[in-house]
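Pulled from TrEMBL:
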REGION    1-121  region 'Disordered'
COMPBIAS  7-17  compositional bias 'Polar residues'
COMPBIAS  26-35  compositional bias 'Polar residues'
COMPBIAS  36-45  compositional bias 'Low complexity'
COMPBIAS  66-78  compositional bias 'Basic and acidic residues'
COMPBIAS  103-121  compositional bias 'Polar residues'
DOMAIN    128-234  domain 'Calponin-homology (CH)'
Amino acid sequence: VPAGDGTKTSRTTTMESSYVKRSDSKYGNSTFVQTKSSYSSSSKKMGSIFDREDESASRQSSLAALERRQAEKKKELMKAQSLPKTSASQARKAMMEKLQKEGGSSNAVASSQTTVQRSSSFGVPNANSIKQMLLDWCRAKTRGYEHVDIQNFSSSWSDGMAFCALVHNFFPDAFDYSKLTPQNRRQNFEVAFSSAEKHADCPQLLDVEDMVRMREPDWKCVYTYIQEFYRCLVQKGLVKTKKS
């Protein structure tokens with residue numbers, strides 16, 4: 001039942017009555033006894049509609065707070081997941097910069113030289129320092145040979161004279177160096193590669209026809225061949241290293 005203050009009241013009314021018939025077979029008479037239950041009434045206040053609105057507002061406030069906490073956690077999770085990606089992209093960027101430096105970028109010559117000096121001072125040579133040491137070794141072993149001026153692993157080897165001088169330094173009886181000329185490139189390559197294979201067991205990794213066709217050979221190919229020749233000399237005991 002609506003009340004004036006906005007509340008609702010429910011009422012329950014219960015009436016019970018019972019009639020019990022008793023019979024007495026001995027005396028042959030019967031009586032009727034009426035029993036009436038008491039009247040009961042109860043009322044219960046259901047609560048104000050304003051009270052219910054307050055409870056609803058409280059639940060909405062709690063729900064909003066929960067949603068805010070979940071949004072903050074989601075934001076933190078997304079931030080945490082983005083950190084490894086950032087680190088990975090930085091690592092890739094550093095690797096690309098390193099490859100560009102190793103590729104001979106003119107802007108990275110000074111920094112590359114600084115890296116070589118730093119790593120060599122700590123006794124841990126990197127790829128660039130090893131390449132430079134091998135170039136210095138070739139220059140030292142061919143010093144005094146005519147028509148040879150080793151400045152790199154490409155154009156300095158284009159006529160085959162540097163190969164012949166390097167092989168002749170270790171195997172002077174293999175061929176007569178004085179009879180070779182820069183103009184006869186094919187003969188120079190054939191003499192150098194075959195002599196290295198025969199006396200140092202160095203496989204002919206370079207093809208004579210390819211070397212003749214290219215005016216300036218690929219420095220990586222020449223560098224690889226010289227590395228192999230050096231390794232074979234070490235195995236034969238013709239070159240002493242710190243380990244040996």
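Backbone N, Cα and C define each Cβ position, glycine as well.
Unlike curated records, TrEMBL annotations are generated automatically.
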Taking all residues of the domain 'Calponin-homology (CH)' (128-234) together, what is their mean pLDDT?
97
Can you break down the domain 'Calponin-homology (CH)' (128-234) into helix, strand and coil residue counts using DSSP?
68 helix, 0 strand, 39 coil
